[in-house]
Each structure stands twice: as structure tokens, then as C-alpha cells.
Amino acid sequence: MNRYVELKNHQREIYYFRLRLVLSLGFVAVMLLILLLRFFYLQVFRHDYFHTLADSNRIYVVPIVPNRGLILDRNGVVMAQNYSGYTLEIAPAKVTDMDALIAELSKLVEITPKDIKRFQKLLTERQTLETMPIRSQLSDEEVARISAQQFRFPGVEIKARLFREYPYTDQTSHLIGYVGRINQKDIDQLEEDDAVSNYLGSDYIGKTGIEQSYERDLHGKTGFEQVEVDAGGRAVRVLSRTAPQSGSNLMLTLDAKLQEVAENAFGEYRGALVALDPTNGEVLAFVSKPGYDPGLFIDGIDTDTWDELNNSPDTPLNNRALRGQYPPGSTIKPFMALAGLYYGTRSPTRSISDPGYYLLPGSRHQYRDWKAGGHGAVDMFKSIVISCDTYFYGLATEMGIDNMHSYLARFGFGQKTGLDMEGETSGLLPSPEWKAKRYQQVWYPGDTVSAGIGQGYNLVTPVQLAFATAILANDGVAFQPHLVRETRPASGSPVLTMPKQLFDLKIDPANLKLVKSAMEAVTKPGGTAAVAGYGAPYRLAGKTGTAQVIAIKQGEKYDAKKISEYNRDHAWFIAFAPADKPRIAMAVLVENGGHGGTTAAPIARKVMDYYLLGKIPQPLQTVTQKSGEQSD
Amino acid sequence: MNARQLKQRLMQNLDPVLLGALGGFALVSLVLLYSASDGNWLRVLAQAGNIAVAFTAMWLVASMPLHYLMRAAVPMYVFGLLLLLLVMTPLGVASHGATRWLNIGVATIQPSELMKIAVPLMMAWYFEKNEAVLKLKNYFVAAILLLVPVALIAKQPDLGTAILIGASGFYVLFLAGLSWRLMIGGALAALASAPFLWSAMHDYQRHRILMLLDPSQDALGKGYHTIQGMIAVGSGGILGKGYMNGTQTHLDFLPERTTDFIFAVWSEEFGLIGNLLLLSLYVFVIGRGFIITANASTYFTRLMAGSITLTFFTYAFVNMGMVSGILPVVGVPLPLISYGGTSMLTLMLGFGILMSIQTNKKLVKT
């Protein structure tokens with residue numbers, strides 16, 4: 001051990017060594033200071049920032065989609081409901097070869113070319129990371145088959161979703177409408193309404209009909225869960241939960257059975273029917289034929305089916321009741337009669353002599369009556385019963401277009417009724433001002449003549465005509481037409497839609513009595529709808545009408561057999577009953593149906609029979625013409 | 001010497017100040033590991049086993065006369081170097097793209113761990129041998145003794161270990177009186193060779209250095225560790241989120257949270273206050289190491305003690321620096337706290353040597 005004390009320059013070496021040790025100490029101190037400053041920077045200065053990052057790291061907000069409200073008829077019959085089903089979904093972002101994947105999946109479950117087309121349409125519409133359905137309504141067996149093989153298909157998922165179902169399918173397609181996948185247009189609209197957050201997680205939104213116009217009530221309020229997730233995105237626990245609020249159930253004013261009766265009454269005909277309760281504005285039936293299967297749209301319709309529907313000459317996608325605009329034809333006559341009485345242009349008793357045509361003073365142009373040779377002496381009562389054109393040509397001319405316009409406008413012609421369904425059209429009630437603006441032309445006296453019998457520029461929608469009929473039936477007191485009777489929120493008490501009186505025309509009761517009794521006579525022997533009214537055990541009032549699709553040249557005769565089906569006249573019938581205390585008023589349009597008395601009026605009769613008597617109509621009978629003489 | 005005397009003798013060789021501090025680390029390690037492993041008692045027990053083994057090893061080394069250690073220096077170094085070379089043969093076991101292990105039948109061992117002790121020991125021994133005649137050439141020889149194993153380890157690749165061994169060797173050179181001129185010259189040379197070094201690096205090493213400059217560049221890839229570490233530390237704030245309440249930790253955002261990133265757990269749950277306490281504990285141990293170094297009686301013990309103390313500090317600094325995002329992520333555990341037996345054993349062997357140096361000095365005095 002001696003070696004250790006034999007150091008040379010021992011003291012000096014110790015000194016130098018300790019100097020270096022002190023330098024090392026300094027180095028350690030500096031490094032520690034750097035660490036301390038770093039901790040201070042991260043934990044004090046940037047604490048808020050990292051705190052936020054830590055929270056966003058771990059908290060996900062998961063929307064909980066509320067159940068959509070049901071749609072029921074006035075008696076509680078379900079017209080739109082939800083059911084849960086499995087869908088096969090693909091997350092496109094995780095798939096490299098989509099065609100190969102679909103081919104593989106097709107070996108496990110049936111995927112039709114339609115499914116594929118629909119899926120491809122979805123792909124082009126939405127570019128997101130989420131999954132998109134390729135097949136819905138998988139059977140349990142199919143679910144099991146996919147589940148067993150799922151490890152082979154990254155990006156493929158089976159999801160349980162709620163689907164909308166419409167038990168009445170095409171019968172109520174125009175009324176109930178349908179829900180469809182939310183598209184960019186819907187998102188834009190939601191953004192405008194500041195409602196986007198309420199649709200997080202939602203797949204569907206009401207596209208047409210009640211589903212669209214009552215979207216806010218039906219959808220409900222989306223709930224949220226704040227979920228703590230781990231680094232893998234798996235939920236660890238729920239931090240807070242705001243329950244979703246189911247959408248309200250809607251109880252319609254409509255009677256599903258009546259709707260069905262009305263639908264069936266049309267048989268093979270195209271057309272529309274709107275029936276109202278004149279005392280409160282409730283819509284009792286709302287038919288637009290043909291319809292379509294709303295189920296086709298729920299998952300996104302494929303292009304072929306869409307083209308087929310869209311290009312069909314029967315235009316099944318057109319809501320005729322709400323948007324179809326047709327000349328009202330002779331259904332305008334009762335309103336014209338009331339106008340004539342109001343302005344004193346005609347007294348009830350004054351008769352005209354009808355030679356079968358009308359001549360404007362100073363003109364040689366013949367405005368023909370529908371009956372060659374004319375009806376002889378015609379007073380106001382008779383003019384309605386037999387639908388005498390000549391009478392109304394004269395009445396219109398003498399009353400003048402301005403009076404005519406202003407009086408008919410009181411019944412809502414030329415305006416939207418404000419029915420609680422989106423997309424209503426306003427029809428057209430012409431006036432010289434309108435013509436000047438629209439065509440830069442003056443109003444000719446001949447225009448007034450045509451307008452007097454509901455032709456010329458006049459256009460109405462079935463809803464409008466039903467509304468006008470209801471006002472007439474209810475002695476001039478108008479109620480707002482509406483489809484929803486009661487809104488039943490998931491919690492809280494139901495909200496009834498109170499009947500809303502719009503106005504009272506204060507029509508002279510004597511005038512009303514005359515016109516109404518004439519309309520009653522229309523359905524009696526000698527009237528234009530006598531066949532349809534035959535044997536009715538209640539007092540039925542109505543008026544037939546014909547809407548020309550193509551103009552017949554002067555001196556030519558309309559021959560239904562000679563013109564193509566789609567160019568034949570449309571048949572109208574407006575009606576209310578019981579005549580003394582009306583409970584139902586309606587407008588029926590039969591496209592290319594020819595005469596209102598033979599095609600439209602029997603439909604109205606069946607609906608009335610069911611509504612007033614509970615009588616279920618016999619299977620459709622062909623109405624045969626009883627005589628050669630047919631009115632419009 | 002009866003058993004009682006032997007026991008007394010063994011206890012005498014332990015430095016009570018260091019022992020107390022090391023006990024504190026053991027306690028912190030177990031408590032923190034319980035949280036970091038989500039209350040996994042098995043893991044805590046395993047770590048308790050590691051601690052027991054490491055403390056026993058420390059005890060044995062502390063009780064050993066110092067000349068035993070000196071005698072072991074050359075064989076240990078040569079043996080370690082051989083093992084490092086063997087790793088490069090087909091006997092080496094690769095994992096995660098690095099070949100660092102040797103299969104010796106019953107287990108796999110990591111020769112680089114042995115070199116953490118063997119390299120400074122060898123260098124201190126070499127300087128001690130040539131103490132009387134130290135010349136410039138001796139420093140070169142010592143540098144070669146250091147650079148050969150460091151180069152072998154860096155090639156595995158194991159950047160963390162290479163850096164730590166390189167640092168421990170450099171401390172020996174520095175304390176042995178390496179001339180300032182040479183150090184400055186060496187630093188300049190290193191700077192000049194940086195571009196070559198860069199091109200010689202593995203892609204993943206380059207990535208790690210780039211990520212340090214901007215971890216968000218590759219937030220889900222290489223930068224993920226750094227970002228999550230920084231979020232954990234920063235969100236801890238001044239007081240921390242409380243024991244077992246770290247969201248980053250318990251929701252799995254923090255990778256390697258029981259090993260290399262355990263400091264982030266501590267920092268998230270105990271905040272700036274906790275960091276100050278932990279740093280104080282390290283400073284205490286380092287301070288004690290400096291005192292032992294300063295009082296060491298021989299050239300060899302001074303170099304050894306100084307190197308062990310500074311290397312221990314380097315361990316702590318590199319780990320905390322990488323977790324808090326001022327150093328690249330290299331696989332360096334938090335000394336005495338991270339889960340794992342090997343690193344704990346190596347460190348405690350070092351503390352055993354420190355204690356031996358301290359008590360041998362005492363024996364000399366009495």
C-alpha cells in the first residue's frame with residue numbers, strides 16, 4: 001500500500017483535480033438550470049395550452065341521434081315508423097381496391113347491381129372518413145357470415161341503424177313524403193338555420209311531404225355524450241351524458257282509411273283529391289296519383305330507378321294535389337254566380353236565351369257552349385245545374401275582368417292556401433295587370449269570356465280548389481287548411497292545432513242558398529253529376545268541370561277517341577256534403593278523365609259515402625255512359 | 001471474526017447518507033410505478049425484486065476492498081469487448097431493428113450494460129497505472145479504450161448507451177487532466193465531422209433529431225413520444241393532477257410510461273413542485289458524489305468516483321431532457337426510477353463503488 005503515498009506533486013495534482021471538479025459542478029448546475037427553466041416554461045408558462053391539449057386528447061363528444069317521431073293518422077294508425085336493422089358499411093378511406101372488396105363481399109352476402117350503383121353514387125356525393133352503407137337490412141345469418149370473416153376486410157363494418165318505414169308505401173308518398181340521406185344542399189340549409197349541430201350523427205332528413213315540412217318536430221334534439229377515450233380511440237368511460245330528445249309524434253288530420261278509399265277510387269286513373277273539413281280546415285284526404293315507393297329514397301336511390309321515375313309519362317314524382325296547376329273549367333261557375341249576385345250583374349231570376357254560343361258585342365267570333373244548339377232559356381240556378389257556358393260568357397263580360405278578379409281572389413284563387421306542406425304553387429288568377437306584366441299585352445274582351453268559364457289563363461291546384469269549395473260550403477267562413485292535428489312531444493303535453501279562422505266573406509245568405517241549392521241539383525237527375533249522385537242518402541252538392549289540355553280550333557269538334565290519351569281533357573269535380581251542414585268538402589281531379597260527371601264525381605261519391613256513412617266501396621266499377629248527352 | 005463482526009463490518013462499508021437517498025429513490029420508484037402501471041401489483045413487486053437485487057449487489061461491491069476492483073478492470077473490459085464483438089456474429093439477437101443482445105442459452109444479456117462500468121473502470125485503471133508518467137499519448141490511448149466500445153455499441157445501434165458510455169469515459173479523461181487545447185480542438189473536429197456523422201447515421205436516428213426541432217412534423221409517428229411527453233409535463237402545471245390522476249398516463253397516450261417515459265407520469269401527477277422535489281433528490285445524491293470524489297485519496301478512486309457521479313447526473317439529465325422535449329428521444333431510462341433490472345443494477349454497482357471509495361478512505365484515516 002506504499003505506492004499511494006509516493007505521488008509526485010501530490011498537492012498540485014489535488015488542486016488541479018478539484019478545479020476540474022468545481023468546473024464539473026458548474027456544468028451540472030447550468031444543465032440543471034436549463035431543466036428547471038424548461039419545466040417552468042412547460043408547466044407554468046404554457047400550462048393552459050398543454051392542459052387544453054390533454055383534454056382534447058382524451059375527450060370526445062359523441063352525438064346520440066334521437067328517435068324520429070312517428071306519423072299517425074287522426075285515429076292513431078301508423079303512417080311512418082322506425083325499425084332497427086343492420087347495414088353493411090364500408091369506410092372508403094380504408095379501402096384500396098373497392099371493386100375487389102365488393103366482389104369479395106358479394107360472395108358472402110347478396111349485393112345487387114342496384115346496391116352497387118347506389119353506393120357509388122354515395123361515394124361521389126360524400127367525401128368523408130365515415131362509413132357508407134352498401135347493403136341494408138341484413139338478415140341475422142348474413143350478419144353472422146360477415147362477422148365471422150370481418151378480419152379479412154379492414155374498413156368493413158356492420159352497423160345497426162334505425163330505418164324509416166312507410167306502411168302505406170305509394171299511397172301516401174306525396175302526403176307523408178320520405179326521409180333521405182342528408183346531402184350538401186341539406187347541410188347548407190341547416191347551416192343557414194343554425195341547426196347543423198343538432199344533426200351531428202344523423203343520417204337522414206325529411207325530403208318531401210310532412211317529413212319535410214315538420215322536420216323540426218319530427219327530428220327531436222340530438223343528445224351528447226362526453227366520452228373519455230384512450231390513445232387507441234376506445235371509450236374508457238362516459239364523463240357526462242345529455243340524453244337525446246325523441247322527435248314529436250305527429251297526429252295528422254287525415255283519416256288513413258278514407259285516404260285508402262280515395263286512392264282506390266281512382267282505379268287506374270291519374271289525378272288528385274283533396275278533402276277538407278270546411279268547419280275547421282282539417283285535411284281529411286290528400287291524394288296524388290300515381291305515387292311511388294318512398295322506401296326507394298331512404299338509402300339513396302340508384303340512378304336507373306330515378307331515371308325511370310323521373311322520365312315516366314305518368315310523372316309519379318309530381319305532387320299533383322299540391323303543385324299541379326290546371327284550368328278549373330266549369331268548377332269556377334258557382335263562384336262566378338256568387339260574384340254576379342254580389343255585383344248585381346245578374347239577378348237570380350233573370351234568364352238568358354242560349355243559342356249554343358256567345359257573341360261579344362260587335363264581334364262575329366262564336367264562343368261555343370259545350371252543347372251544340374244551346375240550352376234555351378237559362379236562369380242562374382239552371383246555369384249551374386246544366387253548366388251553361390253561354391250564361392257565364394255573358395256574365396263575365398258584363399261583370400268585367402277587374403270585378404271578376406277581385407271577387408274570385410277572395411276565395412283564394414291565384415294564391416297559395418298556406419297548407420303546412422312545402423312546395424305549394426299558387427295557381428293563376430289572371431288580370432289585365434298580370435297580362436301586361438307577363439306578356440306585355442293588353443287584356444282583350446275575349447280573355448274575359450274564356451276566364452268566365454274557368455279556361456283561358458286560369459290555373460288552380462287541387463288544394464286551392466278544395467279550399468275555395470270549403471269556404472263556399474262553410475258559408476264564406478274560411479279556415480286555414482292543415483295536415484297536422486296534434487303534435488305530441490316525447491315529454492310534455494300534446495299540442496293541438498287550433499282551427500284558425502282566416503276570414504269571413506259575409507256572403508248574402510240568399511245568394512249562398514241559391515248557389516248551394518243549384519249545386520245540390522247538379523247531383524240530382526237533370527244535373528251534370530246525376531249519375532254519381534244517384535241514390536245518395538245524404539244531401540250532396542257539387543259541380544263538374546273540364547280542363548282543356550289542348551285547344552280545339554274554331555269549328556272543330558272535340559273527339560276524345562281521336563286524340564292521344566295524355567291530351568284528353570282533365571275531369572274536375574268539386575263537392576261538399578251534407579249540403580245543409582257540410583262536414584266534408586273536396587276537389588277531385590282526374591287527369592285525362594274527360595268529363596267530370598263520369599270520372600271525377602263517382603270518386604267523390606265513394607269518398608263521401610265512406611266518410612259520412614262508413615260505407616266501404618265495392619271494387620271499382622266501370623262507369624258507363626247512360627246517354628249520348630254528356631256535360632262537362 | 002465472528003458473524004456479528006462481519007455484519008458490522010459490512011454495515012460499516014455503507015455510506016448512510018447515500019443509502020438514505022437511494023432508499024428514497026426506491027420508494028419513489030415503487031409508488032410511481034404503481035400509478036404508471038395502472039395499479040399493477042405484479043409489476044411493482046417485480047421492481048421491488050429488481051431493487052432488492054441491485055441493493056444487494058451494491059452492498060457486495062461496497063464491502064469489497066478496492067484493489068479487487070482494480071484487478072477486475074482489465075479482465076472485465078476485455079471480456080466485455082469480446083461479448084460486444086460476439087453480438088455482431090450470428091449469436092447476436094436482434095429486436096426492433098437493433099442487435100444488442102447475446103443469447104447465452106438460459107437468457108439473453110446485453111453486453112453494453114457491462115461496459116457502462118467496465119469502460120470507466122478500465123480508463124481509470126489505465127491512468128492510475130501511468131500516473132507517474134502521464135503524457136499526451138496516454139490520453140490518446142485512453143481515448144481509444146473509450147472509442148472502440150462506444151463505436152461498437154453505436155453500430156448496434158444503441159445511441160443512448162453509446163452516448164452515456166461516451167460521456168462517462170469523457171468525464172474520466174476530463175478529470176484526468178485532458179488539456180483544454182485538446183478538448184477545444186476535439187470539439188471543433190466533432191463540429192467539422194458533423195456532416196459526415198449525419199450521413200453515417202441511421203434513418204431513425206436522423207428522424208429523432210429532426211423531430212426534436214419540430215415534433216409536430218410527424219405527430220403520429222416519430223414525434224408522437226415527444227409530443228405526448230410534453231403534453232403530460234405541461235398539463236401537470238404547478239401542483240400536478242394528483243397521484244393516479246394523470247389522464248395522459250392512464251388513458252394510454254403516454255408510450256413507455258413505466259420505463260423511459262416514467263418521468264412524464266411523475267411530472268403530470270405532481271407538477272412543478274414534484275419536479276423540484278425529484279431534482280432535489282438527484283442534486284442531493286450528486287452532491288454527495290462530489291464530496292466523496294473530492295475526498296477520494298487516490299488517483300484511481302478520484303477518477304472513478306467523479307465519473308460515476310457525473311454519469312449518474314447525465315442519465316437523469318438526458319432522460320428528463322428527452323421527456324420534456326429538449327433532447328431527442330434516445331432510450332435512456334430515468335435512473336433508479338424507471339422499471340427494469342439491468343439499468344438499476346448497473347447504477348447501484350456504481351454506487352457500491354462510490355461507497356467503497358468513501359469507506360476505504362475512512363478506513364485509511366482510522
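Cβ atoms are placed via backbone N, Cα and C, with glycine included.
So that you can see what the record holds, here are the features copied from TrEMBL:
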type	residues	note
TRANSMEM	B:16-35	transmembrane segment
TRANSMEM	B:41-62	transmembrane segment
TRANSMEM	B:74-95	transmembrane segment
TRANSMEM	B:136-153	transmembrane segment
TRANSMEM	B:159-176	transmembrane segment
TRANSMEM	B:183-201	transmembrane segment
TRANSMEM	B:270-291	transmembrane segment
TRANSMEM	B:303-330	transmembrane segment
TRANSMEM	B:336-357	transmembrane segment
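Taking residue pairs at least 6 apart in sequence, the transmembrane segment (B:74-95) and the transmembrane segment (B:336-357) share fewer than three C-beta contacts under 8 angstroms.
Beyond its flanks by at least six residues, the transmembrane segment (B:303-330) meets 116, 120-121, 123-124, 127-128, 159-160, 163-164, 167-169, 171-172, 175-176, 208-209, 211-212, 215, 222, 225-226, 229-230, 233, 260-261, 263-264, 267, 282, 285-286, 289-290, 292-293, 296, 338, 347, 350-351, 353-354, 357 of its own chain at Cβ-Cβ distances under 8 Å.
Sequence-distant neighbours of the transmembrane segment (B:16-35) (same chain, 6+ residues past either end, Cβ-Cβ under 8 Å): 41, 43-44, 47-48, 51, 55, 58, 243-244, 246, 249, 258, 262, 265-266, 269, 278, 281, 284-285, 288, 336-339, 348, 351, 354-355, 358. When Cβ-Cβ distances below 8 Å are used as the criterion, the transmembrane segment (B:74-95) is approached by residues 101-103, 108-109, 111-112, 114-115, 117-119, 121-122, 125, 145, 148-149, 152-153, 155-156 of the same chain, each at least six residues removed from its ends. Away from its own ends, the transmembrane segment (B:183-201) comes close to residues 174 of its chain (Cβ-Cβ under 8 Å, at least six residues beyond either end).
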